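Visitor: Below are the features I grabbed from Swiss-Prot:
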type	residues	note
DOMAIN	15-92	domain 'GIY-YIG'
DOMAIN	197-232	domain 'UVR'
Amino acid sequence: MASEHIEHKLALLPALPGCYLMKDINAQIIYVGKAKNLKNRVRSYFKSSHEGKTAKLVSEIVDFETIITSTNKEAFLLEITLIQKHQPYFNIKLKRGTGYPYIKITNERDPRLLITGDVKKDGSYYFGPYPDVYAAQETLRFLQRVYPLRRCQGHQGRPCLYYHMGQCLGACFQEVPEAAYTEQIKKIKRFLNGQVDNVKKDLTEKMATAAQEMQFERAAELRDQLRYIEATVEKQKIISNDHTPRDLFAFYMDKGWLSIQIFFIRQARLIRREKRLFPCVNTPEEELATFILQWYNRKNNVLPREILVPDGIEKQVLSDILQVPIRTPQRGEKKALMEMAQKNSRLVLEEKFRLLELDNRKTVGAQDEIMDALGLPHGHVIEAFDHSHIQGTDPVSAMVTFVDGRAEKKLYRKYKLTQTAERAGANEDANTREVIYRRYSRLLKEGKALPDLILMDGGVVELNAAKDVLENELGLTIPVAGMVKDNHHKTASLLFGEADQTIQLDPKSQGFYLLTRIQDEVHRFAISFHRQLRGKNSLSSKLDDIKGVGPKTRTKLLKNFGSMKHIKDASVEELEALGISKTVAQTIKLSL
């Protein structure tokens, strides 16, 4: 079952293509995936049943983040890059290579054009990877026909079959000029970088001619060839047309908050994304300029060869300081990348606002719902009390404080209650009177602020005792309500008003959830304090039974050793070091 945090983020997912990064409890990326529709895909992990590896993956996810792209193909390419960079544990299939083809122009005297699954630092040109394997293979065949290089083993003394077919420049029987290869490689690179308009126009005309001449099989082949080319060389913003290392900064501002995205492009790939959110004091352009300078002032952040920024940034000033060209993209692929980064900036900030809104409903909004149900003005502070004891022995009380719907643990208080013969047994009335008087008489004495509402864990007895002390002994008019549980010991309702009427809250409301959290928290705090006290009392009673151990010696032992086990393990010499006589020290050792 998804956590509340994940449920909130699932509700905010965009129905756009992109990549998602799943994180574990240590904020480590354990899985990277892509999706045509992030909303549907990511939700499926938490809204469907799974088995095997997927079930194990989902059980370890505590958070996720997304990066939106313009197309599904861009998401695919980014996914491969992120997997190769982060090596997530659950991406087993893609850990060794991508599993998808690249088109490669080899770095040889007589270069070849071929398909490969691995990218190596061998001086060759690589294009891809391509999600449509068959389309990539067909495009390779097309290129080998239109822009031939070497297609045989070479140097075999006679022309090969491909030379006769016009698909090899003839390295098989002659020395091919390097300029011939260079010219062909330029054409291939332009083609694979998306400059295919002339080729597509030519194929379209040939297809139309074939159809007019009723050569339908030929027309279908040309149609398929067009589709393969479009699938292979579709414009890709994730892959840039040069290998210049560059960083790209984009921002989005709303409601006084600035969202910044940083894209790191290396080896023609978007290899990393960073995001930052903070309040904006100056103009967003000034804030971004300052942020960029601070970013590269950190010792681990290396300057790239080029920095891309949105319009309105003082580029010359930044460039003079950083000694790096700083540019604003005006058209083409870089501008498209900037727009994609700006879109991510906007979505991140919108997610923050909506999560804050949801959190506000759960805290401040929930507290307001409780106050509304009781007919009280909205306040900030709720204090809740609960008692704990075993058949009246070692009675304690605990108080928890919630401010604007959030637990403030530094304001929690614990009370050891008076235990007398007159108060033997579970005397909830006396326990309530004592703790309420002690708490609020002290606040009055110290001149501190009073809460807006007091909640008593219990029924009519606790409620009336608290009201009586406040009104008749302390002269205070703090509203008091009783938290009532059902037969299953679950939060059920509130008791409030002169007639102690029952106030029901909608069990599905945030106010009811907050009331449950308060009741559970004060109960937990009281129980833990009582157990702690019982443990100390048990330890003290064992020491009291030892001859020669009085209150002072007992206090020394407890203060220095902390537990019965440590006292038992201590040597006679260690006990004597506390000022205990050797005889008493030996008696302690024998008794324990």
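Placement of Cβ uses the backbone N, Cα and C atoms for every residue, glycine included.
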Visitor: Please compute the mean pLDDT of the model over the domain 'UVR' (197-232).
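Guide: For the domain 'UVR' (197-232), the model's average pLDDT rounds to 76.
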Visitor: Go ahead and report the DSSP secondary structure tallies for the domain 'UVR' (197-232): helix first, then strand, then coil.
Guide: 33 helix, 0 strand, 3 coil
Visitor: Using DSSP, how many residues in the domain 'GIY-YIG' (15-92) fall into helix, strand and coil?
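Guide: Helix (H, G, I), strand (E, B), coil: 35 helix, 19 strand, 24 coil.
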